[in-house]
Amino acid sequence: MRFRPCLAAVLLLLSVAVEVVAEDPGAKISVLIVDGQNNHDWQATSPVIAKFLSESDRFVVERATTPPRGEDLSGFRPRFSSHQVVLLNYNGLVWPEATCRDLVDFVSRGGGLVVFHAADNAFPKWDEYNAMIGLGGWGGRSEASGPYLRLRDGKWEPDNTPGAAGKEHGAAPFLVETFAPEHPIMKGLPTKWLHARDQLVFNLRGPAENVEVLAMAFSPDEKGINDYTPMAFTVKYGEGRVFHTPMGHDLTSITCQGFVTLMRRGVEWAATGNVTIPPPSNFPTAEETSSWKPREAVATEASQPAEPQP
């Protein structure tokens, strides 16, 4: 599926493109989570993501779930334009062509897109999707898909070395380091923090156009590249903003307070271009991870009587 040539037409024919929800600084941001097919446990992760977004009191969240793999997708056409951000927790069969075009129209007209972990494996043959996410992995992606990004002399440079796209270190905690401290998503966060156990993904590749790397992690030489790799970045696509992180393999990783904070702030930025959500007081340090818990769990813990002192 190749839609790249149609982008100019999309930007010119604004009168027939979808209408993106108007921004109201005082209103909650409308987020649509798309899931339903994935090689990861979307049934577990989507409700948690919806919960931690909603609990920030900045978002109202809905979900659009595709039919299971093997069933008919022809009727799957959520109204992206009814929302300000589409958040993809999806890695499955390609959507109907009209739905794919709807997403291109939505983002190019100014809608926000958020992609995490396995969603950057999705749709390897869809040119415009690869342009929107900047970098992707697996699914047969190779040097034909675009370059890797490598940190060279303080700048992220394209690397056209032949090779497959997408590798990962086994699940373990790893250090995330800020690269763009003045970006609204990163401003005010510690420059180094320990992410909870997760797959450290590296060697993503793609068009890599209009990409700004916000945070990075070091991929060690053993089974890695002995170099830094992007852990959070943005993509400018038409009038739209995209936030992308390869983190978020499972419940342990997505409930890391660092991941939760990046996602909340990334979703807000994708919708508005600004960030008002402050970092939590229990944000991870460079030495210690920290986990998010839903309000009711925190309230229950707070109501428990203190253990008697010996």
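Backbone N, Cα and C define each Cβ position, glycine as well.
For 283-292, the entry in TrEMBL reads compositional bias 'Polar residues'. Residues 52, 173, 175, 189-190, 192-196, 255-258, 260-261 of the same chain lie 6+ residues outside the compositional bias 'Polar residues' (283-292) yet bring a C-beta within less than 8 angstroms of a C-beta in it.
Mean model confidence of the domain 'ThuA-like' (31-270) amounts to 98 (pLDDT, 0 to 100 scale). Annotation source TrEMBL lists domain 'ThuA-like' at 31-270.
Per TrEMBL, region 'Disordered' is recorded for 275-310.
Annotated signal peptide per TrEMBL: 1-22, in sequence order.
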